[in-house]
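According to TrEMBL, the feature active site, charge relay system maps to B:LYS118, B:SER193. Among the features that TrEMBL reports, active site, acyl-ester intermediate is placed at B:SER217. Summarising the annotation, TrEMBL assigns domain 'Amidase' to B:62-514.
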Amino acid sequence: MGSRALLMLTNFNFKTTVSSFGSASNPFFLIKNNLRTRNFSTKTRSSLQPPDLPGLAETARISLAPNEVEEFAPKIGQVIDWFGQLQAVDLDNVEPAIRADTEGDNLREDAPQTFENK
Amino acid sequence: MLSTIQPPRYLSRFPLRGRTKSRSFHILSSAQPVTKTCFAADQSQILSIRDSLLNRHLSAVELTHSYLDRLKQTEPHINCFLHVSDPDKVLKQAQDIDDKIKRNEEVGPLAGVLVAIKDNICTADMPSTGGSYILEGYRPPFDATAVKRLKDLGAIVVGKTNLDEFGMGSTTEASAFKVTANPWDLSRVPGGSSGGSAASVSARQCVVSLGSDTGGSVRQPASFCGVVGLKPTYGRVSRFGLMAYASSLDVIGCFGSSVADTGILLHAISGHDSLDATSSKREVPDFTSQFTYASSLKSRPLEGLRVGLIRETVDAGVDSGVKSAIEGAAAHLEQLGCVLKEVSLLSFSLGLPAYYILASSESSSNLSRYDGVRYGNQASSDELNALYEESRAKGFGSEVKMRILMGTYALSAGYYDAYYKRAQQVRTIIRKSFKAALDENDILISPAAPSAAYKIGEKKNDPLAMYAGDIMTVNVNLAGLPALVLPCGFVEGGAVGLPVGLQIIGAAFDEEKLVKVGHIFEQTLEGYNFVPPLVTDVGGASPEL
């Protein structure tokens, strides 16, 4: 995956960060570092704002007002901490499921079809 | 209060010659005409309507007037609808049905049945906003497949119901436009995200309605509003025309005031659709052929049915009133002959964070289409990115924005493996554990929610508290299984109590068994009235015959 290549470029120790997601002591500090090293834009960030929210908002193409950032940051932080509990689960050798169903026969015949040349 | 015994052929997709069929079953039928305001939950309104129309006891126009009047009287209290169809158009459709019947022409099996559609399901001739400002006033150029199938069978769409924006929420408070109230207690929520659809059936503003279920959005409001909600297996109903929230979890589900009606509605909309690549090619059995009516039931009709009560759903954290209602329902099932035992699903609690990771991530991708360019409201700007950012900032509500941001985070480089992939792996574990449980049991039961309806505003500021309420329902979406929720009792609250629903979960594509069990359960459940006082208070104009 391209993301892994990026991580190698930035000399980022993935394992450390993963193990810290579960910890209560300010995981965002480490996430902040992670994003800074991978951030190639020239935009400066205020050190008062939680750094990941503006970056995410830019990726998601939603402009956030400062009061929204203030309002969302703790809530999103809380939920993402809660997501972190999945780190503790032993998931070795478990196949990821793209969706629930096991039917995979929804492809049409591999036969050429002629369409109108519009 | 017996319902008609209906030969299954009645509900085939092809319109039948009304007259000949009705003559034969008129002798057998003992259905009461709808105008005797029999809103009892164990009757099939759809079958009663069909009987009354074909036997000329009632005209479609009179029936429509009755429902529209009740809608007009109850709507200011509960605010279910974002858009109500023009009454003249609706009455004209009803008139057309009456004319056809007069001329002895075929009418579809859902002729004259008033249906409400959740506003995230596209309807060509009405606005479809998804509960969001970004699509305010948007009129889709097509009907969703489910809507098209209903219209082809003669159903009349009475309006579009309120929802949490794009299906994200569990109370219908996250709608951009209005808050819907629970007909049982106007200070409480109807549940979400299909709160408007559930409340409108509960208040008898329409006969049945369609909703969507991604994490419990049909089942939880059904429990809160005291109506029946049916979530089909993933792939049973085409998602074409359903505004996508989480594509691997979304399904279109049905609401009705009885299991029979909900089953009939599901049968009408199910089936393969080439426009939805995830729709199943499996045969759709006639769910309605499972109906056996109270008079012809033997003493233990569900003899030998193996029922598993999910232990984790009656543990700590569940309201004691809900627990006792479920225990009562379990006892009722045992009386009907079921073999009840407790089942433990060890990975149960993992489902909730896994669900929210998957749903937020998929929604962050699905909602990227709302860019102010293709459709919907556009903010003015000179630069493209600013145009996107402003349009989306103005169009989306805060819950949607938060979920998109969380999803963007969970999918971003470096976090994909930690969150999204792990959530998918948890999905595999949950699928397997449900499959194992359903190999040993015919059905599984649980409450649909840990409590009855909350007060409006109670959960608004605490997202985790809101999410915690979905614990009973999300695992079923992750496993893609079908589930039925039907009212089984009450807890304290409101004027006469607040309804509680029993959730019955079946194996994949086994909706038939769910409908059969649910139908027998509700026919034999005594001592409960699941019509909210709002309906009886308002009176409703029942036309004189």
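Positions of Cβ are set from backbone N, Cα and C atoms, glycine also.
Note that TrEMBL annotation is computational and uncurated.
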Please work out which residue of B:SER193, B:SER217 has the most C-beta neighbours within 10 angstroms of its C-beta, and give that one of the active-site residues.
-> B:SER217
Could you state the CA-to-CA distance between B:LYS118 (active site, charge relay system) and B:SER193 (active site, charge relay system) to the nearest Å?
-> 9
Overall pLDDT of the domain 'Amidase' (B:62-514), taken as the mean | 94
For B:LYS118 (active site, charge relay system), just count the other CB atoms lying within 10 A of its CB, please.
-> 32
How many Å separate the Cα atoms of the residue listed as 'active site, acyl-ester intermediate' and B:SER193 (active site, charge relay system)?
-> 5
DSSP output for B:LYS118 (active site, charge relay system) maps to strand
